[in-house]
Amino acid sequence: MIITGHLILVRHGEPGLKPGERLSGWIDIPLSRKGIEEALECAKALENIEIDIAFASDLVRTQETLFIILSGQKKTGVVVHEKTEDKVPPEKLDWYSYPEKLGEDLIPVYTTPALNERYYGKLQGRKKQKMEEKYGAEQVANWRWNFEPGPPEGESLKAVYERTVPYFRKKVMPALEGGKNVLICAHQSSLRALVKYIEDISDKDIREVRLSTGELAIYHFSEGKLVRENEELGPELKRNI
């Protein structure tokens, strides 16, 4: 059975930095071996949902994860860079907009900085333990998990929300309204922002939302609303609210 009208949110697989040691942010680092395995597990979990269109951030770890997932469906992503789309209207990019002209195994993949991880400012790329020693573990945790404020010279979750959600409304919602199965591969912060918007989570409760690398959340688009499907939460999306 082919499933249609779904939104799949996937956090990228583990990056090459030691897990939990550094705050990656905008550091553009590829997947580790474990990250590749996590992406393969996502591909297996999604084998019954045929992806029609996909979105990723500008950072390579999300794109690697996404293409591994697509390869599990024997599909090839045709990348539409945001700058290309700005210069040439989508309706002129026939083979981007309608990849079935080149075969059903090709689907458009839109990459955008709107889905990037938060910029960590003075914490960017620094060892988490060192930052906790300098600022205090509680303060670092507040910067990372509260809706606002963000770290020194960096983005708060609110700032990420304000760039991620408008993009989602403009680019992703039309595809869902058209009955497409949409895959978004992004980061802890940008996905938390989307989950906050979709599930109408309060500024206070969003602190408890966590997504581990390689985890996913699936929503069904019905009657103009996105309804969560994998409510068991378990390994898919860890929430404690």
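Sequential numbering from 1, following the chain as shown.
The backbone N, Cα and C atoms fix where each Cβ goes, glycine too.
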Same substrate site per Swiss-Prot - residue from R33, R61 joining S24, G25, E117, R118, Y119, Y120, K128:
R61
Where R61 (substrate binding site) and H12 (active site, tele-phosphohistidine intermediate) are concerned, what is their Cα separation in Å, rounded?
6
Fill in the CA-CA distance, K128 (substrate binding site) to H12 (active site, tele-phosphohistidine intermediate), as an integer in Å.
20
Which residues in the same chain, at least 6 apart in sequence, have a Cβ under 8 Å from the Cβ of Y120 (substrate binding site)?
L23, S24, G25, W26, R126, P151, G154, E155
Highest CB neighbour count within 10 A among the recorded positions H12, Y119, H187?
H12
